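Enquirer: Swiss-Prot lists these features:
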ACT_SITE  76  active site, charge relay system
ACT_SITE  151  active site, charge relay system
ACT_SITE  175  active site, acyl-ester intermediate
(Lines of atoms letter the chains of each structure in order from A; the text may use other names.)
(Lines give C-alpha, C1' and ligand atoms only; values in the text may rest on other atoms or scores of the structure.)
Protein backbone atom coordinates (compact mmCIF):
# COMPACT_ATOMS: atom_id res chain seq x y z
CA UNK A 1 0.00 0.00 0.00
CA UNK A 2 1.24 3.47 -0.88
CA UNK A 3 -0.35 5.17 2.15
CA UNK A 4 -1.12 2.42 4.71
CA UNK A 5 -1.86 4.79 7.59
CA UNK A 6 -3.87 7.97 7.74
CA UNK A 7 -0.75 9.75 8.97
CA UNK A 8 0.97 8.77 5.70
CA UNK A 9 -2.06 9.80 3.65
CA UNK A 10 -2.36 13.18 5.37
CA UNK A 11 1.28 14.00 4.62
CA UNK A 12 0.75 13.04 0.98
CA UNK A 13 -2.42 15.15 0.79
CA UNK A 14 -0.63 18.14 2.28
CA UNK A 15 2.19 17.69 -0.25
CA UNK A 16 -0.26 17.48 -3.15
CA UNK A 17 0.84 13.93 -3.99
CA UNK A 18 -2.64 12.41 -3.83
CA UNK A 19 -6.32 13.28 -3.33
CA UNK A 20 -9.17 12.01 -1.19
CA UNK A 21 -10.80 10.57 -4.31
CA UNK A 22 -7.61 8.71 -5.26
CA UNK A 23 -7.33 7.26 -1.76
CA UNK A 24 -10.92 6.00 -1.82
CA UNK A 25 -10.49 4.55 -5.32
CA UNK A 26 -7.38 2.68 -4.20
CA UNK A 27 -9.19 1.11 -1.26
CA UNK A 28 -12.21 0.20 -3.40
CA UNK A 29 -9.89 -1.64 -5.78
CA UNK A 30 -8.36 -3.54 -2.87
CA UNK A 31 -11.80 -4.44 -1.51
CA UNK A 32 -12.82 -5.72 -4.92
CA UNK A 33 -9.66 -7.82 -5.14
CA UNK A 34 -9.58 -9.28 -1.61
CA UNK A 35 -12.90 -9.15 0.20
CA UNK A 36 -14.50 -12.09 -1.59
CA UNK A 37 -11.99 -14.23 0.30
CA UNK A 38 -11.95 -12.36 3.62
CA UNK A 39 -15.65 -11.39 3.91
CA UNK A 40 -14.80 -8.35 6.04
CA UNK A 41 -17.63 -6.15 4.72
CA UNK A 42 -21.39 -6.59 4.86
CA UNK A 43 -21.88 -3.56 2.61
CA UNK A 44 -19.67 -1.13 0.68
CA UNK A 45 -20.82 2.39 -0.16
CA UNK A 46 -18.79 3.02 -3.30
CA UNK A 47 -20.81 5.96 -4.62
CA UNK A 48 -21.23 7.63 -1.25
CA UNK A 49 -17.53 7.34 -0.40
CA UNK A 50 -16.40 8.69 -3.78
CA UNK A 51 -18.88 11.57 -3.70
CA UNK A 52 -17.81 12.58 -0.20
CA UNK A 53 -14.14 12.33 -1.21
CA UNK A 54 -14.74 14.67 -4.16
CA UNK A 55 -16.49 17.13 -1.86
CA UNK A 56 -13.56 17.06 0.57
CA UNK A 57 -11.11 17.62 -2.29
CA UNK A 58 -13.11 20.66 -3.39
CA UNK A 59 -13.03 21.98 0.17
CA UNK A 60 -9.25 21.58 0.28
CA UNK A 61 -8.92 23.49 -2.98
CA UNK A 62 -10.93 26.33 -1.44
CA UNK A 63 -8.62 26.42 1.57
CA UNK A 64 -11.05 24.71 3.95
CA UNK A 65 -9.42 21.37 4.78
CA UNK A 66 -10.98 19.14 7.42
CA UNK A 67 -8.68 17.57 10.05
CA UNK A 68 -9.58 13.99 9.05
CA UNK A 69 -10.01 14.62 5.30
CA UNK A 70 -8.64 11.54 3.55
CA UNK A 71 -9.27 9.14 6.44
CA UNK A 72 -11.01 6.17 4.81
CA UNK A 73 -12.90 4.46 7.61
CA UNK A 74 -14.88 1.24 7.90
CA UNK A 75 -17.59 0.96 10.55
CA UNK A 76 -18.70 -2.13 12.44
CA UNK A 77 -22.23 -3.11 11.49
CA UNK A 78 -23.66 -2.41 14.94
CA UNK A 79 -22.96 1.34 14.76
CA UNK A 80 -25.65 3.48 13.14
CA UNK A 81 -25.07 5.54 10.01
CA UNK A 82 -28.18 7.19 8.63
CA UNK A 83 -29.41 5.39 5.52
CA UNK A 84 -26.88 2.57 5.89
CA UNK A 85 -27.78 -1.02 6.80
CA UNK A 86 -27.23 -1.85 10.47
CA UNK A 87 -27.64 -5.61 10.67
CA UNK A 88 -25.50 -6.43 13.72
CA UNK A 89 -24.58 -9.56 11.76
CA UNK A 90 -28.05 -10.97 12.40
CA UNK A 91 -30.95 -12.21 10.33
CA UNK A 92 -33.10 -10.32 12.83
CA UNK A 93 -31.92 -6.98 11.37
CA UNK A 94 -30.78 -8.13 7.94
CA UNK A 95 -33.07 -5.68 6.12
CA UNK A 96 -32.94 -2.80 8.60
CA UNK A 97 -31.39 0.60 7.81
CA UNK A 98 -30.58 3.22 10.42
CA UNK A 99 -32.71 6.34 10.70
CA UNK A 100 -30.00 8.43 12.38
CA UNK A 101 -26.25 8.78 12.90
CA UNK A 102 -24.39 7.62 15.97
CA UNK A 103 -22.64 10.46 17.80
CA UNK A 104 -19.22 9.10 16.79
CA UNK A 105 -20.36 9.16 13.15
CA UNK A 106 -21.53 12.78 13.46
CA UNK A 107 -18.18 13.80 14.91
CA UNK A 108 -16.09 11.87 12.39
CA UNK A 109 -18.08 13.12 9.39
CA UNK A 110 -17.77 16.72 10.59
CA UNK A 111 -14.00 16.17 10.82
CA UNK A 112 -13.84 14.86 7.24
CA UNK A 113 -13.75 11.08 7.63
CA UNK A 114 -14.96 9.05 4.66
CA UNK A 115 -17.09 6.00 5.43
CA UNK A 116 -16.38 3.25 2.93
CA UNK A 117 -18.67 0.53 4.31
CA UNK A 118 -19.99 -1.55 7.20
CA UNK A 119 -17.95 -4.46 8.52
CA UNK A 120 -19.01 -7.98 9.37
CA UNK A 121 -19.24 -8.98 13.03
CA UNK A 122 -20.39 -11.75 15.31
CA UNK A 123 -24.16 -11.63 15.69
CA UNK A 124 -25.10 -8.75 18.00
CA UNK A 125 -21.38 -8.58 18.89
CA UNK A 126 -21.60 -11.91 20.73
CA UNK A 127 -18.57 -13.99 19.88
CA UNK A 128 -14.80 -14.26 19.86
CA UNK A 129 -14.19 -15.65 16.38
CA UNK A 130 -16.55 -13.87 13.95
CA UNK A 131 -18.14 -17.19 13.06
CA UNK A 132 -21.67 -16.40 14.29
CA UNK A 133 -22.56 -13.76 11.68
CA UNK A 134 -25.65 -14.27 9.52
CA UNK A 135 -23.44 -13.18 6.61
CA UNK A 136 -20.88 -15.93 7.07
CA UNK A 137 -17.55 -16.05 8.89
CA UNK A 138 -14.78 -13.52 8.43
CA UNK A 139 -11.39 -14.99 7.58
CA UNK A 140 -8.04 -13.89 8.92
CA UNK A 141 -6.28 -11.99 6.10
CA UNK A 142 -2.93 -13.49 7.11
CA UNK A 143 -4.22 -17.08 6.81
CA UNK A 144 -7.79 -17.57 5.53
CA UNK A 145 -8.27 -20.89 7.31
CA UNK A 146 -7.93 -19.12 10.68
CA UNK A 147 -10.36 -16.88 12.56
CA UNK A 148 -9.78 -13.11 12.75
CA UNK A 149 -11.12 -12.92 16.31
CA UNK A 150 -14.36 -11.29 17.33
CA UNK A 151 -16.69 -9.75 17.61
CA UNK A 152 -15.14 -6.88 15.59
CA UNK A 153 -13.42 -9.37 13.29
CA UNK A 154 -14.54 -7.65 10.10
CA UNK A 155 -13.09 -4.34 11.27
CA UNK A 156 -9.77 -5.92 12.27
CA UNK A 157 -9.53 -7.93 9.05
CA UNK A 158 -10.34 -4.89 6.90
CA UNK A 159 -7.57 -2.83 8.51
CA UNK A 160 -5.04 -5.67 8.44
CA UNK A 161 -5.77 -6.43 4.77
CA UNK A 162 -5.37 -2.78 3.79
CA UNK A 163 -9.01 -2.31 2.80
CA UNK A 164 -9.24 0.98 4.75
CA UNK A 165 -7.01 3.19 6.89
CA UNK A 166 -8.90 2.39 10.08
CA UNK A 167 -12.16 1.00 11.40
CA UNK A 168 -14.51 1.43 14.31
CA UNK A 169 -15.41 -1.53 16.48
CA UNK A 170 -17.19 -2.10 19.77
CA UNK A 171 -15.61 -3.71 22.82
CA UNK A 172 -17.84 -5.39 25.42
CA UNK A 173 -15.40 -7.99 26.70
CA UNK A 174 -12.46 -7.66 24.34
CA UNK A 175 -14.19 -7.35 20.97
CA UNK A 176 -11.80 -4.65 19.71
CA UNK A 177 -8.61 -5.88 21.35
CA UNK A 178 -8.84 -9.63 20.70
CA UNK A 179 -9.43 -9.39 16.91
CA UNK A 180 -6.84 -6.61 16.69
CA UNK A 181 -4.34 -9.00 18.30
CA UNK A 182 -5.33 -11.88 16.00
CA UNK A 183 -5.03 -9.70 12.88
CA UNK A 184 -1.95 -7.70 13.85
CA UNK A 185 -3.45 -4.22 14.25
CA UNK A 186 -3.67 -1.64 16.99
CA UNK A 187 -6.93 -1.86 18.92
CA UNK A 188 -8.04 0.67 21.54
CA UNK A 189 -10.83 0.22 24.09
CA UNK A 190 -11.35 3.63 25.71
CA UNK A 191 -12.50 4.12 29.29
CA UNK A 192 -16.21 3.46 29.76
CA UNK A 193 -17.86 6.86 29.32
CA UNK A 194 -15.00 8.41 27.33
CA UNK A 195 -16.78 7.82 23.99
CA UNK A 196 -20.53 8.22 23.46
CA UNK A 197 -22.52 5.01 23.00
CA UNK A 198 -25.42 6.85 21.32
CA UNK A 199 -26.10 5.01 18.08
CA UNK A 200 -24.33 1.82 19.14
CA UNK A 201 -26.76 -1.10 19.14
CA UNK A 202 -26.63 -2.32 22.73
CA UNK A 203 -25.32 -5.73 23.76
CA UNK A 204 -24.45 -5.10 27.44
CA UNK A 205 -25.00 -1.45 28.26
CA UNK A 206 -22.68 -1.23 31.27
CA UNK A 207 -19.80 -2.78 29.32
CA UNK A 208 -20.08 -1.62 25.69
CA UNK A 209 -17.48 0.86 24.39
CA UNK A 210 -16.73 2.09 20.84
CA UNK A 211 -13.05 2.12 19.88
CA UNK A 212 -10.77 2.39 16.82
CA UNK A 213 -8.71 -0.28 15.08
CA UNK A 214 -5.74 1.14 13.20
CA UNK A 215 -2.28 0.38 11.84
CA UNK A 216 -0.49 2.78 14.20
CA UNK A 217 -0.79 4.30 17.65
CA UNK A 218 -0.79 7.77 16.07
CA UNK A 219 -3.85 6.97 13.95
CA UNK A 220 -5.67 5.62 17.02
CA UNK A 221 -4.83 8.82 18.91
CA UNK A 222 -5.99 10.99 16.01
CA UNK A 223 -9.36 9.24 15.83
CA UNK A 224 -9.83 9.28 19.61
CA UNK A 225 -9.26 13.05 19.57
CA UNK A 226 -12.42 13.36 17.48
CA UNK A 227 -14.76 10.75 18.98
CA UNK A 228 -14.00 11.29 22.69
CA UNK A 229 -15.99 13.63 24.89
CA UNK A 230 -19.26 14.11 26.70
CA UNK A 231 -22.50 13.74 24.74
CA UNK A 232 -25.93 14.93 25.82
CA UNK A 233 -27.44 11.97 23.96
CA UNK A 234 -25.64 9.49 26.25
CA UNK A 235 -26.14 9.91 29.99
CA UNK A 236 -23.24 7.53 30.68
CA UNK A 237 -20.72 9.69 28.80
CA UNK A 238 -18.32 11.33 31.21
CA UNK A 239 -17.90 15.11 31.66
CA UNK A 240 -14.11 14.80 31.56
CA UNK A 241 -11.83 17.07 29.52
CA UNK A 242 -10.37 15.48 26.38
CA UNK A 243 -6.61 16.02 25.90
CA UNK A 244 -4.75 15.95 22.60
CA UNK A 245 -3.87 12.28 22.47
CA UNK A 246 -1.22 12.81 19.78
CA UNK A 247 0.89 14.90 22.14
CA UNK A 248 3.53 12.92 23.97
CA UNK A 249 3.33 9.87 21.70
CA UNK A 250 7.09 10.02 21.20
CA UNK A 251 8.01 10.56 24.85
CA UNK A 252 9.02 6.95 25.40
CA UNK A 253 8.73 5.00 28.63
CA UNK A 254 11.64 6.29 30.69
CA UNK A 255 10.58 6.74 34.30
CA UNK A 256 7.31 4.84 33.96
CA UNK A 257 6.41 2.12 36.46
CA UNK A 258 4.98 -0.91 34.67
CA UNK A 259 3.28 -3.84 36.38
CA UNK A 260 3.10 -7.47 35.29
CA UNK A 261 -0.01 -9.12 36.82
CA UNK A 262 1.10 -12.58 37.90
CA UNK A 263 -2.38 -14.00 37.21
CA UNK A 264 -2.04 -13.11 33.50
CA UNK A 265 1.15 -15.16 33.12
CA UNK A 266 -0.10 -18.31 34.85
CA UNK A 267 -1.07 -21.74 33.53
CA UNK A 268 -3.01 -21.66 30.27
CA UNK A 269 -0.88 -19.04 28.54
CA UNK A 270 0.81 -20.20 25.35
CA UNK A 271 4.57 -20.54 25.95
CA UNK A 272 5.59 -18.59 22.85
CA UNK A 273 3.22 -15.73 23.65
CA UNK A 274 4.67 -15.63 27.18
CA UNK A 275 8.18 -15.44 25.72
CA UNK A 276 7.27 -12.75 23.17
CA UNK A 277 5.56 -10.55 25.76
CA UNK A 278 8.47 -11.01 28.17
CA UNK A 279 10.92 -9.93 25.45
CA UNK A 280 8.93 -6.74 24.94
CA UNK A 281 8.90 -6.10 28.68
CA UNK A 282 12.69 -6.47 28.72
CA UNK A 283 12.90 -3.87 25.92
CA UNK A 284 10.77 -1.48 27.95
CA UNK A 285 13.01 -2.09 30.95
CA UNK A 286 16.08 -1.30 28.82
CA UNK A 287 14.35 1.89 27.63
CA UNK A 288 14.13 3.19 31.18
CA UNK A 289 10.88 1.83 32.57
CA UNK A 290 10.71 0.16 35.97
CA UNK A 291 9.03 -3.24 35.86
CA UNK A 292 7.58 -5.11 38.82
CA UNK A 293 5.13 -7.93 39.46
CA UNK A 294 1.69 -7.10 40.83
CA UNK A 295 -1.31 -9.20 41.80
CA UNK A 296 -4.93 -8.97 40.67
CA UNK A 297 -6.31 -11.75 42.89
CA UNK A 298 -9.87 -11.85 41.55
CA UNK A 299 -8.80 -12.34 37.92
CA UNK A 300 -9.82 -16.00 38.04
CA UNK A 301 -13.46 -14.96 38.47
CA UNK A 302 -13.40 -12.54 35.55
CA UNK A 303 -14.84 -14.75 32.81
CA UNK A 304 -17.67 -16.13 34.96
CA UNK A 305 -18.52 -12.65 36.25
CA UNK A 306 -18.45 -11.17 32.78
CA UNK A 307 -20.71 -13.81 31.25
CA UNK A 308 -23.29 -13.40 34.01
CA UNK A 309 -23.38 -9.60 33.77
CA UNK A 310 -23.18 -9.45 29.97
CA UNK A 311 -25.81 -12.10 29.29
CA UNK A 312 -28.21 -10.62 31.85
CA UNK A 313 -27.98 -7.23 30.17
CA UNK A 314 -28.22 -8.82 26.72
CA UNK A 315 -31.41 -10.69 27.60
CA UNK A 316 -32.98 -7.37 28.53
CA UNK A 317 -31.63 -5.40 25.57
CA UNK A 318 -32.60 -8.01 22.99
CA UNK A 319 -36.17 -8.29 24.26
CA UNK A 320 -37.00 -5.33 21.99
CA UNK A 321 -36.62 -7.44 18.83
CA UNK A 322 -40.10 -8.89 18.44
CA UNK A 323 -40.76 -8.63 14.70
CA UNK A 324 -43.59 -6.15 15.28
CA UNK A 325 -41.90 -2.79 15.84
CA UNK A 326 -38.80 -3.81 13.90
CA UNK A 327 -36.70 -6.86 13.21
CA UNK A 328 -37.39 -10.06 11.33
CA UNK A 329 -41.06 -11.04 11.31
CA UNK A 330 -42.13 -14.63 10.75
CA UNK A 331 -44.84 -15.36 8.20
CA UNK A 332 -48.19 -14.74 9.91
CA UNK A 333 -50.13 -17.40 8.02
CA UNK A 334 -47.47 -20.04 8.67
CA UNK A 335 -47.51 -19.06 12.34
CA UNK A 336 -51.29 -19.41 12.54
CA UNK A 337 -51.15 -22.77 10.77
CA UNK A 338 -48.41 -24.09 13.08
CA UNK A 339 -50.36 -22.88 16.11
CA UNK A 340 -53.54 -24.58 14.92
CA UNK A 341 -51.67 -27.82 14.17
CA UNK A 342 -50.20 -27.79 17.67
CA UNK A 343 -53.65 -27.31 19.20
CA UNK A 344 -55.03 -30.23 17.20
CA UNK A 345 -52.12 -32.40 18.37
CA UNK A 346 -52.83 -31.50 21.99
CA UNK A 347 -56.54 -32.27 21.56
CA UNK A 348 -55.74 -35.69 20.08
CA UNK A 349 -53.31 -36.46 22.90
CA UNK A 350 -55.90 -35.31 25.46
CA UNK A 351 -58.57 -37.58 23.97
CA UNK A 352 -56.15 -40.51 24.00
CA UNK A 353 -55.18 -39.89 27.63
CA UNK A 354 -58.82 -39.80 28.72
CA UNK A 355 -59.60 -42.93 26.74
CA UNK A 356 -56.79 -44.71 28.58
CA UNK A 357 -57.94 -43.37 31.93
CA UNK A 358 -54.71 -41.45 32.47
CA UNK A 359 -56.22 -38.55 34.39
CA UNK A 360 -52.90 -37.06 35.47
CA UNK A 361 -51.70 -36.75 31.88
CA UNK A 362 -55.11 -35.53 30.78
CA UNK A 363 -55.00 -32.76 33.38
CA UNK A 364 -51.53 -31.75 32.17
CA UNK A 365 -52.61 -31.64 28.52
CA UNK A 366 -55.76 -29.71 29.38
CA UNK A 367 -53.65 -27.13 31.20
CA UNK A 368 -51.39 -26.86 28.15
CA UNK A 369 -54.39 -26.23 25.95
CA UNK A 370 -55.63 -23.53 28.30
CA UNK A 371 -52.18 -21.92 28.35
CA UNK A 372 -51.54 -22.27 24.64
CA UNK A 373 -50.04 -19.17 23.07
CA UNK A 374 -52.11 -16.51 21.42
CA UNK A 375 -51.36 -15.81 17.77
CA UNK A 376 -49.40 -12.70 18.77
CA UNK A 377 -47.27 -14.58 21.31
CA UNK A 378 -46.67 -17.32 18.76
CA UNK A 379 -45.57 -14.71 16.22
CA UNK A 380 -43.12 -13.25 18.74
CA UNK A 381 -41.70 -16.70 19.46
CA UNK A 382 -41.43 -17.76 15.84
CA UNK A 383 -39.89 -14.43 14.76
CA UNK A 384 -37.21 -14.59 17.46
CA UNK A 385 -36.56 -18.28 16.83
CA UNK A 386 -35.99 -17.61 13.14
CA UNK A 387 -34.20 -14.27 13.60
CA UNK A 388 -31.61 -15.11 16.25
CA UNK A 389 -28.70 -17.51 15.83
CA UNK A 390 -27.68 -20.22 18.28
CA UNK A 391 -25.09 -18.20 20.21
CA UNK A 392 -27.45 -15.28 20.75
CA UNK A 393 -30.19 -17.65 21.93
CA UNK A 394 -27.73 -19.31 24.30
CA UNK A 395 -26.80 -15.99 25.87
CA UNK A 396 -30.40 -14.77 26.12
CA UNK A 397 -31.35 -17.98 27.92
CA UNK A 398 -28.38 -17.75 30.29
CA UNK A 399 -29.13 -14.11 31.06
CA UNK A 400 -32.83 -14.71 31.58
CA UNK A 401 -32.03 -17.55 33.97
CA UNK A 402 -29.60 -15.37 35.95
CA UNK A 403 -32.26 -12.68 36.35
CA UNK A 404 -35.13 -15.02 37.17
CA UNK A 405 -36.85 -15.18 40.55
CA UNK A 406 -34.83 -17.20 43.02
CA UNK A 407 -31.57 -16.86 41.08
CA UNK A 408 -31.05 -13.09 40.87
CA UNK A 409 -29.26 -12.90 44.24
CA UNK A 410 -27.42 -16.17 43.71
CA UNK A 411 -25.95 -15.25 40.33
CA UNK A 412 -26.44 -11.70 39.04
CA UNK A 413 -26.15 -9.89 42.36
CA UNK A 414 -23.12 -11.95 43.33
CA UNK A 415 -21.52 -11.23 39.95
CA UNK A 416 -21.94 -7.51 40.54
CA UNK A 417 -20.24 -7.82 43.92
CA UNK A 418 -17.30 -9.68 42.36
CA UNK A 419 -17.18 -7.00 39.65
CA UNK A 420 -16.57 -4.45 42.39
CA UNK A 421 -13.76 -6.57 43.82
CA UNK A 422 -12.13 -6.78 40.38
CA UNK A 423 -12.26 -2.99 40.07
CA UNK A 424 -10.71 -2.62 43.52
CA UNK A 425 -7.87 -4.97 42.47
CA UNK A 426 -6.98 -2.59 39.64
CA UNK A 427 -7.28 0.50 41.83
CA UNK A 428 -4.82 -0.97 44.33
CA UNK A 429 -2.42 -1.96 41.55
CA UNK A 430 -2.43 1.55 40.09
CA UNK A 431 -1.36 2.94 43.45
CA UNK A 432 2.02 1.26 42.80
CA UNK A 433 2.38 1.28 39.00
CA UNK A 434 1.41 3.56 36.10
CA UNK A 435 0.21 0.84 33.72
CA UNK A 436 -0.06 -2.93 33.37
CA UNK A 437 1.46 -5.09 30.63
CA UNK A 438 -0.24 -8.39 29.75
CA UNK A 439 -0.79 -10.73 26.83
CA UNK A 440 -3.93 -9.82 24.88
CA UNK A 441 -4.95 -13.44 24.31
CA UNK A 442 -3.87 -16.74 25.89
CA UNK A 443 -3.43 -18.44 22.51
CA UNK A 444 -2.65 -17.53 18.91
CA UNK A 445 -5.51 -17.46 16.38
CA UNK A 446 -7.27 -20.81 15.99
CA UNK A 447 -8.70 -22.47 12.92
CA UNK A 448 -12.20 -21.79 11.69
CA UNK A 449 -14.60 -24.27 13.28
CA UNK A 450 -12.06 -25.44 15.86
CA UNK A 451 -13.99 -24.18 18.91
CA UNK A 452 -17.56 -23.78 17.66
CA UNK A 453 -18.71 -26.93 19.46
CA UNK A 454 -17.18 -25.88 22.78
CA UNK A 455 -18.62 -22.52 23.92
CA UNK A 456 -16.71 -22.61 27.22
CA UNK A 457 -13.36 -22.92 25.47
CA UNK A 458 -14.36 -20.02 23.23
CA UNK A 459 -15.36 -17.91 26.24
CA UNK A 460 -12.02 -18.57 27.96
CA UNK A 461 -10.25 -16.84 25.06
CA UNK A 462 -11.47 -13.57 26.62
CA UNK A 463 -9.76 -14.21 29.95
CA UNK A 464 -7.26 -11.33 29.63
CA UNK A 465 -9.67 -8.77 28.18
CA UNK A 466 -12.98 -9.01 30.08
CA UNK A 467 -11.67 -7.57 33.34
CA UNK A 468 -10.98 -4.17 31.76
CA UNK A 469 -14.63 -3.96 30.72
CA UNK A 470 -15.85 -5.03 34.15
CA UNK A 471 -13.69 -2.31 35.73
CA UNK A 472 -14.40 0.28 33.02
CA UNK A 473 -10.67 0.72 32.29
CA UNK A 474 -8.97 1.67 29.03
CA UNK A 475 -7.05 -1.04 27.21
CA UNK A 476 -4.78 -1.06 24.17
CA UNK A 477 -3.36 -3.92 22.14
CA UNK A 478 -0.40 -3.59 19.79
CA UNK A 479 1.20 -6.22 17.52
CA UNK A 480 4.56 -7.62 18.65
CA UNK A 481 5.38 -10.15 15.93
CA UNK A 482 4.37 -13.47 14.44
CA UNK A 483 3.72 -16.65 16.39
CA UNK A 484 6.39 -19.25 15.53
CA UNK A 485 4.00 -22.21 15.47
CA UNK A 486 1.47 -20.45 13.22
CA UNK A 487 3.68 -18.59 10.73
CA UNK A 488 2.23 -15.33 9.54
CA UNK A 489 -0.29 -15.07 12.38
CA UNK A 490 0.23 -12.15 14.76
CA UNK A 491 0.56 -11.91 18.52
CA UNK A 492 -0.68 -8.93 20.53
CA UNK A 493 0.48 -7.29 23.75
CA UNK A 494 -2.05 -5.49 25.96
CA UNK A 495 -1.53 -2.32 27.99
CA UNK A 496 -4.07 -1.45 30.71
CA UNK A 497 -4.18 1.86 32.55
CA UNK A 498 -6.17 3.96 35.01
CA UNK A 499 -9.50 5.48 34.06
CA UNK A 500 -9.27 8.20 31.37
CA UNK A 501 -5.52 7.76 30.85
CA UNK A 502 -5.69 6.61 27.23
CA UNK A 503 -2.83 9.02 26.46
CA UNK A 504 -0.47 6.95 28.62
CA UNK A 505 -1.48 3.71 26.91
CA UNK A 506 -0.96 5.22 23.46
CA UNK A 507 2.45 6.53 24.52
CA UNK A 508 3.51 3.07 25.70
CA UNK A 509 2.03 1.45 22.59
CA UNK A 510 3.93 3.84 20.33
CA UNK A 511 7.17 2.99 22.16
CA UNK A 512 6.59 -0.74 21.71
CA UNK A 513 5.91 -0.32 17.98
CA UNK A 514 9.05 1.78 17.30
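Count begins at 1; order follows the chain as displayed.
For all residues, glycine too, the Cβ spot is worked out from N, Cα and C.
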Enquirer: Please work out the number of neighbouring Cβ atoms within 10 Å of the Cβ of residue 76 (active site, charge relay system), leaving out its own Cβ.
Expert: 32
Enquirer: In whole Å, how far does the CA atom of residue 151 (active site, charge relay system) lie from that of residue 76 (active site, charge relay system)?
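Expert: Between the Cα atoms of residue 151 (active site, charge relay system) and residue 76 (active site, charge relay system), the distance comes to 9 Å.
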Enquirer: Starting from the Cβ of residue 151 (active site, charge relay system), draw a 10 Å sphere and report how many other Cβ atoms land inside it.
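Expert: That number is 35.
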Enquirer: What is the interatomic distance between the Cα atoms of residue 76 (active site, charge relay system) and residue 175 (active site, acyl-ester intermediate), given in whole Å?
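Expert: Between the alpha carbons of residue 76 (active site, charge relay system) and residue 175 (active site, acyl-ester intermediate) there are 11 Å.
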